[in-house]
Amino acid sequence: MTQPIFLVGPRGCGKTTVGLELARACQSQFVDTDHWLQTKAGRTIAEIVEKEGWETFRALETETLKAVSAPSTVIATGGGIILAEHNRGFMREHGIVIYLCAPVATLVERLEAFPEEGQRPTLTGKPISDEVSEVLAERDALYREAAHHVVDASQTPEQVVSHIVTALRLACAS
């Protein structure tokens, strides 16, 4: 598989964890767009959003997406990358998009276990369970629109990777 693989989904669905495992399984490079952007900017996402706003952050996110897209690369994207139609189109045209789908309860449980508050600024200012439910309701259709494959991410990272590898093999065989 030489095309980039883009992992999309909400906060807490496991894009980074699964992405690292998938890259190992596919003998590919791995890039997390949030991490790459923060390293390049020398600031956290929360700092960028606080000082420059969401619009500036989303523009930087688009630049990052294009900069890291390369053959034989697994790319964990930020949860909101699909908000821009041009990002959804870019990923679909230049690679394979996998939506890591999980129920709200699973996402909330993971986010409460690993809050990483500095990296994950609130999107709505509401309690985490309300925010996750609201954001997923707004974005689920966009994740599905962007995705070539939808994978249940409520399982272990190893199981999720196994399902992705199977889906990719079936896609290549057809």
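Including glycine, each Cβ sits where the backbone N, Cα and C put it.
Fair warning: this is a prediction, and the values are worked out from it, not measured in the lab.
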Listed in Swiss-Prot for the substrate site shared with ASP34, ARG58, ARG139, one of GLY12, GLY79, GLY89:
GLY79
Would you mind pulling the DSSP three-state label for GLY79 (substrate binding site)?
coil
Just the number: how many Å between the Cα atoms of GLY12 (ATP binding site) and ASP34 (substrate binding site)?
13
Using Cα coordinates, what distance in whole Å links GLN155 (ATP binding site) and ARG139 (substrate binding site)?
21
If I take the Cα of THR17 (ATP binding site) as reference, which of the binding-site residues ASP32, ASP34, ARG58, GLY79, ARG139 has the closest Cα?
ASP32
